[in-house]
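Take a look at the structure set out below.
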Amino acid sequence: MKRYNHRQVEKKWQKFWAAKKFFSARDFDARKKQYVLFEFPYPSGAGLHVGHLRPYVATDILARWKRMEGANVLYPIGWDAFGLPTENYAIKNKIHPRIATDRNIKTFRRQLKATGLSLDWNREVDTTDPEYYKWTQWIFLKLFEAGLAYRAEIPINWCPFEKTGLANEEVVNGRHERCGTPVEKKLMKQWVIKITKYADRLIEDLELVDYPERVKTQQINWIGKSEGADIVFPIVDTQIKRFVLLHGRQGSPQDIFFPWLAQKLLDRGYKVEIPELPNPDKPNDLEQAEHVRKHCRLDAQTVILGHSFGGVVALRLLERGAKAHSVVLAATPISGRFNDNTKRPTVTEAVKRGFDFEKVRKSADRFIVLMDETDSIIPASDGEKLAQALGAEYRFIPGKSPHFTGSQEPGIYEAVLPSLRVFTTRADTIFGATHLVVAPEHPIVGWYLSHHHAVSGVWNIKEVSEYVVVAKKKTDITRLAEEKEKTGIELKRFSVSHPLSGRKLPVWVADYVMMGYGSGAIMAVPAHDERDFAFAKKYKIPFLPVIKPTSVDARDDRPEPSAVGRADIDLVASCWTGEGMLINSEKYNGLPSERARQNITWDLEKIGLGSKSVSYKLRDWVFSRQHYWGEPIPIIHCPDCGEVPVPEKDLPVLLPNVKRYEPTDTGESPLAAIAKFVNVKCPRCRGPAKRETDTMPNWAGSNWYFIRYADPKNKKDFASRKKIDYWLPVDLYIGGMEHTTLHLLYSRFIYKFLYDQGLLAGSEPYSKRRSNGVILAEDGRKMSKSYGNVVNPDDIIGEFGADTMRMYEMFLAPFDQMVPWDSRGVKGVRRFLDRVWIDINVMIKEKKWRRAQKTSSRQMSQAIRKITNDLGDLKFNTAISSLMIAFNGEGGRPDWRPKLNTEEKWEPVGGAESFDLAATEAFLKLLSPFAPHITEELWALLGHKESIQLERWPEYNESLLAKDTFKIPIQVNGKVRDVLEFAATAEQHEIETQALNSPKVEAHLKGKTIVRTIFVAGKMINFVVR
RNA sequence: GCCCGGGUGGUGGAAUGGUAUACACGAAGGACUUAAAAUCCUUUGCCCGCAAGGGCUUGUGGGUUCGAGUCCCACCCCGGGCACCA
C-alpha cells in the first residue's frame, strides 16, 4: 500500500481547482448568496505564520461547507498594502515600497494557495492599486462634501519613531500600538473625520447585528456615551457694565434672538444697547459703524456682539479706535464668498476693503468667534481665519436655527456673558460644587495669563504659567507613572458665580481635567467625586456634602451635615459617589438624586445657564499621516478659494514615483518636497495652488474593501449598486479582537456614511461577526520574528501537508480562544488522516461494499447531525473530534465499516465483512471542508469522475437517530450506583423494578426507605432514600 | 479603579441541570524490529485495597435542587479592554 503522499496529492488538486474555477462567485445567481469574509492581510515582508491562517482556514471550511449546501459563496481575498510597516521595510532594505509590496504579495499568494483555500482569485483587490485607491479618495471627497472631513489645528498623538500623527484608536496605554513608542502630544494642522457625528448610531445599531457580546461592549465603552448637563458659571469681577448688540444685514433689534438676549442681560443687571443700524437691506459697514460710534457708549467696560454683518461693523468700529472689554463675532463673513452661490454684493464689497487686524486686536481684551455648525451659507473657514487673525477663541457650535437665527440662542448668551461651561453627569450635586477646575489647555487659562494687566491685585501669573508649561509637556506615559497624584494651581483673583446659589467659587487649573472631553472644565464636588475628593484633600479645599446615602449598603461613615464647609477636612474618610437624598441644596432638599438631576437641569435651562447634554469619549478621527506610502488626500489648497476638492474626473491623485520617501522631522510628509506634485493650478480659479501632501492612514483603504469585492473591476463606480445589493451585507466576518475599536468601528462608520449618501441599501456592513483567538508560540509568547519563535506554515505543510495543518489549527482549541501552538500535537491529526487513507484504500481494494442510496449507519447519521450543527456554531474542534469518532468508532468498530488490522495483514475485526458505501462517501464529504485534498483524492479513487466539491452536503437519516436500546444510570441519592441497558420501549415501572433488583443498587438501599423516585425518560433514574 | 472573558487530568480541551474528564497530545507497558523510527495493542484524574469494591475530585467558601462543572451569593487567581472621561 502506498503511503499518503501529501506533496503530490495537494499540488495536483490545487492545480485542478484553479483550472476549473470552482470557487468563482457568480453575480446575481439564483442560489442563495453567502458572503464569507476574513480581514484581508497586510502583506508584510515576514510572510504568513500559522497564526494568521487560523481565520482563513476557518472561513475556508465554512465556505466549502456552504457551497456543498447549495449556496452561491463569495469568498474573496485582497491586500491591505499601504502603510508604515512596508515603508519602514522599504527604507531599511532600500527597496521601493511598490516593489517590496509586490514581492510580499507574491509570497502571501503562494502561502495561501498552498494552504488550499477556496478563494475567488478573480476578485483580488489591492489598496495600493490606483484603480482601487481612486475610490478611497472618492469616498474621502464625499466625506469632505458632507462636511465630515475638516482640517483642524489640534493637539494630536504623535509617534516620534515613525514620525507621524496617529488616531486615538492607535494609542494603547500611551504608546503607539504598532511600534510601542511612547506617544507625544503635538499641535498640528490635521485632517480630521467627524466620526463623532455617528456616535449614537454606532451604539444603537449594534442591536441590528450578531456580534460577540464583548465586541459590542468594547465598542460601546470606547464610544463612551455619558448623558448629563452643561452648566454655565458666569465669571465675576469682570468689570463689564454694558453690552452693545449689533444686528446683521436685513436684521433689526426686534428680530431673532436679540430681544431674548437683551432681557437675559438686563436681568443680570447690565445695561444693554441695540442700535437700529441704517439701511439694513443694503448695509454699508462704514456708515453703520459711524452710526454706532455716535449713538452708543463704547469703552473698556463694554461687550460688543456682532451678529453676521454686525460682526463686520464691529470690526470696523474697533479698527477705528473704539474700545471694548470683549468682542463676540457670531457667524461673521469675512471672505465674501458664500456656499449657496448667491451674491450678496454689499457684504462682499464691505469685506473686500480688508481689516487692520493688528489695530482691532489692541482695541479689546478678549475675542470670541462663533460659527454655527448648521450654517450652510457662511463657509466655516471664514470663522477659522477670523479667529486666527484675531487670536480669538474659536467656537464651532450648533445654533438653535441655522446662522444663529433662533428666537433664543444660548450659545451666544454664553459667549457674550463671560463664563465657564462645565459638563457633569451629576447636576444633582451642584450645591456641593466648591470650585471649578479647568484643563491646562483651556482658553480661559491663556486669557488669564495674557490679560493680567486688566485687573489690579495679586495675580499668580508666574506660578500658573509655569504649571501650565510643565503640564502640557507631560506625555500620557509620565502622567500614568505619576500614580494619579493630582496637581493643580489656583487662578488667584479670579472667580465664577454659582448659577443657582450665586456664591463665588474659585477656579483652579489641574491636569486631571482633560481638554478633549466635555468642555475641558468641571465643577468640583469633593464630597461626591473621588477625584475631586483627592484633589480637595491635597489642597485643603473645604467641601460640602449634598447627597445623603439612603441605601442600606451605603457607607454611612460620612460627616453629618453640621460639618458643612468646615476646613478641617481630616474629619472625612471618604466621599459618597452613589445616589441618595439631597441635603444642603436649598429648595431641592429631600429629593432623590435622580429626580433632582432632572429638576436642576430644567431650572438651569430656564435661566439660560444650563442644558441637557451628552458627551462621548470617542474623538474625531485623525486622518492625516505624514508619510509617503499611503493614498494622497485629494485636496488642493488655494490662497483664494481655500480648500478645494480635486474634481472627480482628475482622480486618482497618483502617488508620485520618487527616490526618497523617508519621513521628515518637520512633521511634513515627504511628498511636500516634490515640487512637481505640490504645485498645481486651483481647479476652481485656475490660480497657482498647492496640493495637500499628507496621506491617509491605512484604515482608509480597509474601510470599504469588502464592498469592492462585490464588483472589483468597476471603472465607473466604487461598485455597482446592483452588485452591492446582491452581495452585501457580509454574512459572516471573522477577524481579531484587536480590530474592535479600529477597523471594525471605522468600517461600520464609513458604511453608514455611504448609506446616508444613498449609495447602498443597508446601514450595517456585517450581519455576523466572530472573533478568532490568537495562536501563541510554543513558549506562550506572541509569535514574532524578534523572539525567533515563529512557526512557518511552509514548514508544516512541507512535513505534514496542508490538510493536517488546517485540521490541527481547528482542532487545537475553541476557535475564539487564545492558545499556544504545540508541535507535538500536529502528529495526532496526521495519524488520523493516515488511518483514513490506509483504511479507505483497503476498502477500495477489497470492494466488499454494501450499496444503498443512503447510509444505514446510525453512527454516521449522528456524526452528520453533530458536525453540521458544530459548523453552524463555529465549533470546529468538536466537529473534528466527531469526525474521529465517526471513523474510529466508539469503544469498538463503527457500524458502517469493519475495523481493519495493519495494511499488510488486513482482516476485518469483529465479524462484519462489508462496508457501507453510502456511509463511506458521507464520511468523505464531511471531512472534505477540513481536509479538501486527501478527500478529493480518495473520492477519485472510489471511482468518481467529478470533484467531491460538487457534491451535496450529506443529510442524516432522522429515523436512524432513535436508538433501540439505551443505557441509563441508576442513582441512589444522586450518586450513580449502576448502569443498566433497556429497550427504547421500556416503561418506567419496568426500569424501576430492574433497577431495584440490581445487586449494586440493593447494597445502597439496605435498611433504608425510598421516599421518592425521580425518573427522567431516557436519561436516568434516581432513588431518594432515608 | 471600572467593564468583559475564564479557572475541569501531566498538557490542549469535551460535557441542552441528569454516567465529569469525550477527542487529541504526552507518559508507561507490550507487539513488530538486530536496533531505532513509524505502526498496532493495553493502561493512564487522585486516594485506599491483592481483589471485589469503596472514598474523593471541575479555583475557594456558602446556597438552591432528588441531583450542580453548569443556576445564585461572596471571595481568590489568570487573561483581555478602558483608564483621572467629570
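The backbone N, Cα and C atoms fix where each Cβ goes, and this holds for glycine too.
Worth saying up front: this structure is predicted, and the values here are computed from it rather than measured.
Among the features that TrEMBL reports, ATP binding site is placed at A:Lys785. Under the DSSP three-state reduction, A:Lys785 (ATP binding site) is assigned to coil, being neither helix nor strand. Annotation for A:Lys785 (ATP binding site): spatial neighbours A:Ala46, criterion Cβ-Cβ under 8 Å with sequence separation of six or more.
If you look up TrEMBL, you'll see A:12-223 (among others) marked as domain 'Aminoacyl-tRNA synthetase class Ia'.
If you look up TrEMBL, you'll see A:419-603 marked as domain 'Leucyl-tRNA synthetase editing'.
Taken from TrEMBL, the feature domain 'Aminoacyl-tRNA synthetase class Ia' covers A:617-810 (among others). Over the domain 'Aminoacyl-tRNA synthetase class Ia' (A:617-810) the predicted model carries a mean pLDDT of 93.
For A:858-987, the entry in TrEMBL reads domain 'Methionyl/Valyl/Leucyl/Isoleucyl-tRNA synthetase anticodon-binding'.
The motif ''KMSKS' region' annotation in TrEMBL covers A:782-786. When Cβ-Cβ distances below 8 Å are used as the criterion, the motif ''KMSKS' region' (A:782-786) is approached by residues 46, 49-51, 774-776, 821 of the same chain, each at least six residues removed from its ends.
With DSSP states grouped into helix (H, G, I), strand (E, B) and coil, the domain 'Methionyl/Valyl/Leucyl/Isoleucyl-tRNA synthetase anticodon-binding' (A:858-987) comes out at 56 helix, 23 strand, 51 coil.
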